[in-house]
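Copied over from TrEMBL, here are the features:
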DOMAIN    6-113  domain 'HIT'
MOTIF     98-102  motif 'Histidine triad motif'
REGION    112-139  region 'Disordered'
COMPBIAS  126-139  compositional bias 'Acidic residues'
Ligand code: 5GP
Ligand code: ZN
């Protein structure tokens with residue numbers, strides 16, 4: 001548990017959360033400031049700030065919970081879809097430095113956008129640049 005981490009405190013039961021799912025490794029609870037009805041956060045119980053700080057096993061447990069919960073959340077609020085996302089790092093909008101997956105129920109005509117709406121200006125990349133980036137990621 002990390003000092004002053006709000007999600008560690010929810011995991012520990014020191015501050016209240018509306019828990020919707022729990023395993024030995026993962027907890028899910030409703031977001032306190034929901035973007036839509038049913039907005040749920042899925043967190044590893046062990047404190048980790050970024051995705052890269054999770055072990056492979058922890059990441060698998062986290063995604064297994066996301067896989068299990070996404071249809072449950074969708075049907076609980078009678079949504080049409082779910083946006084699943086992680087703000088991984090402050091430049092991506094992460095405000096709580098404890099890994100969390102957002103499950104945001106979506107409704108036809110809700111006025112929201114796709115994941116593509118989150119980034120800023122699109123880069124104009126040449127084929128060579130795209131090849132280099134792909135190589136760097138694949139290495
Ligand atoms: P981030 O911007 O870090 O990806 O998202 C943090 C999320 O945590 C926000 O959607 C915010 O509403 C939620 N949040 C912040 N503090 C609390 C809290 O004390 N309890 C709960 N349930 N959610 C919180
Ligand atoms: Zn924490």
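Glycine residues also receive a Cβ, built from the backbone N, Cα and C atoms like all the rest.
No curator has checked TrEMBL annotations; they are predicted automatically.
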Summary of DSSP states over the compositional bias 'Acidic residues' (126-139), given as helix, strand and coil counts: 12 helix, 0 strand, 2 coil
Helix-strand-coil residue split for the motif 'Histidine triad motif' (98-102), DSSP-based: 0 helix, 2 strand, 3 coil
Structural state census, the domain 'HIT' (6-113) (DSSP three-state): 34 helix, 25 strand, 49 coil
